[in-house]
Structure formats: structure tokens, C-alpha cells
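J.: This is the feature table in TrEMBL:
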type    : residues              : note
BINDING : 19-26, 87-91, 141-144 : GTP binding site
DOMAIN  : 10-278                : domain 'Tr-type G'
Amino acid sequence: MQKYNQQEVDCRRTFGIISHPDAGKTTLTEKLLLFGGAIQMAGAVKARKAARHATSDWMAMEQERGISVTSSVMKFNYRDYEVNLLDTPGHQDFSEDTYRVLTAVDSALMVIDSAKGVETQTRKLMEVCRMRNTPIITFINKLDREGLEPLDLLADIEETLQVECAPLSWPIGMGKRFKGTYNLYRKELLLFSPGKETRGSDLLRITDLSDPQLDQLLGSQAEELRHDIELLEGAANPFELEEYLKGNQTPVFFGSAINNFGVRELLDAFVELAPGPSARQTTTREVSPYEEAFSGFVFKIQANMDPMHRDRIAFMRICSGKFTRGMKMRHHRIGKDINVSNATIFMAQDRSNVEEAYPGDIIGVHNHGTIKIGDTFTDKEPLKFTGIPSFAPEHFRRVRLKNPLKVKQLEKGLVQLAEEGAVQLFRPLISSDYILGAVGVLQFDVIVSRLKNEYGVDALYEGIEYATARWIECADKKKLAEFEKKNQGSLALDAEGNLTYLASSDWRLGHVAEQWPEVKFHKTREHN
Ligand code: GDP
């Protein structure tokens, strides 16, 4: 039987890039957009990042927000595929959104700096990918510079990230001796010419590595390559599509994004191997992307920073059916039908007036604060998608009001901002403090400024000695009461009233968890 939307679903690839700052995400994004024909945007990616670095004052942030709304989803066509690249903000913009974006993708690209190996932010983002077993393709970047030995890099990835590596290309030298890569499954040699952007014209098919042509081209490095490949055949894992799709194995490519080297090879493999829109779990059943009825969930909310226009854009990932402008959909949490005429459909550069969107696509729905993170929208069936949680904050501030009469406004503002996912709010059990929690520190700047502008709240934000938080669950009510009594000073309720343990250090958390084996300490929490 023909599945509804089959072609539209199968040609879509929705992904995010996970990397540590400076590994080359921006550079790679530009090159990908270049291949996708969205050339005019390539400069914009860099410009936006420069603006971010240069200043953090409010006006600039506001402008930047305006830009970042439109570049949160970068859509391009490549071959017969429609690719949605969702931005995973890094640097100072690192926030809970960065994590949450990864709940809306079907796969990810991991960029690693060949001189640095796996770094902290990559490790954190990988943890989020693990939650849904998101398939990951790895790009080891900056081979034009001296870096770690390729085999050591693979060992580092395997050990630190607990994922099997299957190299699909192999570098020939590095730094000054970098000659190119050998594609192990296509049996093609890709030659590197320094300072020259490669677009795939320097490909040579060399199926037999004993071919003397190899010695002419690579000199003494031909023998090194032969030796490496021989070693790999014995030591490396052969690529298995199934294992990659389950998130157990990552195919690895080597290249240099800035020289546009190895990028087309990566993109070709990506569209061919990466999964299209996958089925999604709800509280009641799994939803297939091929179902005719429309469904989608909200994973990100972006507020308009212009005080004159207090609207918000909810980013909705379509999971099934087809979106048409003006269609009615049901907003299940509040039990109302909404007419979506004023949506931003993130579309390819070369197509104007697109009025439809399909599973894997992202649409931006304008609203005035009625939509929350995790909200599900469908034709009519009452569904609730799962897997769009809150993530344990790692930065905390205590809010002190300058004018105590403003406490109502403060509370209203904080609850609303918590619902948008802009910050997390905790109320300690034994004090009347307001404690804010965030994954990235810049989130606090946004909150301070929005509380002031939108709610007229002037407050002080004090640093507070917490390292992390965990949501508490315990089936044994008696044990839970005992735990609460003994740990009162470290317990708080979040904005939705869930019991949370605020830990002063990871060590402390580990210690308490060990003492209370019946209590579960969750790192994420699903929205109600
Ligand atoms: P991001 O922070 O991950 O977005 O990283 P960028 O794309 O901004 O790159 C960080 C720095 O690394 C910049 O100075 C880039 O020019 C540089 N860079 C990116 N790719 C390469 C590469 O392949 N080789 C070298 N040598 N430098 C690179």
C-alpha cells in the first residue's frame, strides 16, 4: 500500500551539528549551505557569529535575536533531498535550547577538532543524543593542521562517548604533510591542494592500493597509506548501517572545513545514510511520519525582543501529515482549535510562496504566550509527544527584588519565562527565595532584561553555590518523606511543582544518591 506523503517524507533530512566551540561548526555550516545553493546565506552565518562575539549589550542582542529567528532553521536542497539544518547555539549562546533542538532532529553531525579530540560541550550534547539513540556521523576537522593521530582520535571518541567508530575515509598525513583522504567504501582518492577550495574535481578512483599511480601521487606517503589501510582492515569496525541507525556506531570522515575539503564527501554520505523523519513516541502510541493526519510538537520558543511587538514564535517540528497555511489544528494542552495562518514556513532559498510543509520540516507559529515547550498539535486526535524534556541546569542565581511590592509581577514573569523554556524556576522548601536555573549563563541576561522590560521588575541576581539539580522520584512514599525531612535544605519545587534536589557539587550529589538508593535522581524532566 502506498504510504501517505511517502516521497515528501523520504527525501527529508533534519539534523543538527554537535561540537565544542571553535571546532569548525560555523565554517562547516557555510560550506554545506554553499553546496546546497544557499550561497548568499554563507556570509550571513559568519556575520551573525561575529555580531555575537562583539557585543552583548541589549540592542545588539535584540537585533541578533531578529536574525537568529530566521537562521534557527537553515533549509537547503542537495541532490534530491530537502535538508533542514537546525542551529544548535554554542559559545555564549549555549543554552537549554541547544539541548532541546536535538530532541527535534532525526540525526546529527559531530564535528571534532583533530588537535583537541572530544571536548566537554560535545560530550554533553552527545548525552542528549543518547536519550533518543540519535544516529551520528562524525567529521574530524582541521586535518590541514598538526593534530592527534587518527587512530588515537578514534580511540578517544570510542572511549569518551561510548560509541563505536567506523572510519569511512582515512587521512593521508596531516598538517604540512596532509595529502588528502582515501574513501574506504568508494575506493576513491581525494587529493588536497592547500589554499584551494575543493569541490570534488580532484577525485581519483583507485580501487587497488598497489596501483603505482599512488606512489607517483603520494611519494613515500603511499606506503604509509597502504600500511594504515591494512591496519584498519584488521582493527577498525566495518561500517554497519543498522548499527549507525541505532546510534551504536558512528561513521567517521576526515577533512578540512575551511578548505572545503572532504565536505562534499561528508554531505553525500549524510544524505544517503542519515535517516529521514522517524516515528515519534507519544504518551499513548507511536506516530508514523507516513500517517495522513497532521501532528507536531513545539521544541523551542523565541520571544520577540521588540517591546512594541510582544509576540513569540513557537518552533514546531512536524511529525506526520501535511501542514497547509491557514489550516486548523488542535492545541491539546488548552483544548482549543487554532487557525494557523500566520506561520513562518522555513523553506529552501529558491522557492518562494511555499504554502505546505511536511514531516521533518519546522514551522514557526506566532502566538502571545499561549504555547509552551512540549505542546502537541494535531488534526484532532488527543496526543502528547514525549521526549522534549527540561534539562538539569548547571548555573544558578538567586533573585532579590529591589521593590518588594513587585512580587506579583516577578512571580508572573518568572512562571511565564519558565513555561517558554527561557529559564527554570525553583522555590526552596524552606525559604521564600526565587532561584533561577539555566544550562547556559547568557540565559540570565535575557531573563534580567525581559523581566525589566516586559514585567517592570527590577531585581538583583546573586550568584549561588549550586552545581546542578535533579528531579526526584520515589515510589516508596515513606522513604520519600524521610528523604525530604533529611534533605530539606537542598530541596525545592520547580515551576510545575516537581520536587527537585539542588546539589552544591557533583560529589555531593553522588554521595546523597548513594545514601538513598530508593530515590531516583533524574537529569531530565518531561513537561506536563
Ligand atoms: P565554531 O565555533 O565551531 O563555529 O567554529 P568556526 O567555524 O568559527 O571555526 C573556528 C576557527 O577554526 C576559525 O578561526 C576557523 O577559521 C578555523 N577553522 C575552521 N575549519 C578549519 C580547518 O579546516 N582548518 C583550519 N586550520 N582552521 C579551521
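Cβ coordinates come from backbone N, Cα and C, glycine included.
Note that the structure is predicted; figures quoted are calculated from it, not measured.
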J.: Ligand 1: which of the binding-site residues K25, T88, L143 have a Cβ closer than 6 angstroms to it?
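T.: What lies within reach of ligand 1, judged by Cβ under 6 Å, is K25.
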J.: Applying a 10 Å Cβ distance cut-off over all chains shown, what neighbour count does T88 (GTP binding site) have?
T.: 25
J.: Near H91 (GTP binding site), how many other Cβ atoms are within 10 Å of its Cβ?
T.: 15
J.: Far apart in sequence but close in space: which same-chain residues, 6 or more away, have a Cβ under 8 Å from D22 (GTP binding site)?
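T.: Counting only residues 6 or more apart in sequence, the Cβ neighbours of D22 (GTP binding site) under 8 Å are D113.
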J.: Identify, in sequence order, the residues in the chain of S19 (GTP binding site) that are 6 or more apart from it along the sequence and have a CB within less than 8 Å of its CB; answer 'none' if there are none.
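T.: S19 (GTP binding site) has long-range Cβ partners K25, G90, M110, V111, I112, Q121, T122, L125.
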J.: Note down the number of other Cβ atoms within 10 Å of the Cβ of L143 (GTP binding site), including every protein chain shown.
T.: 27
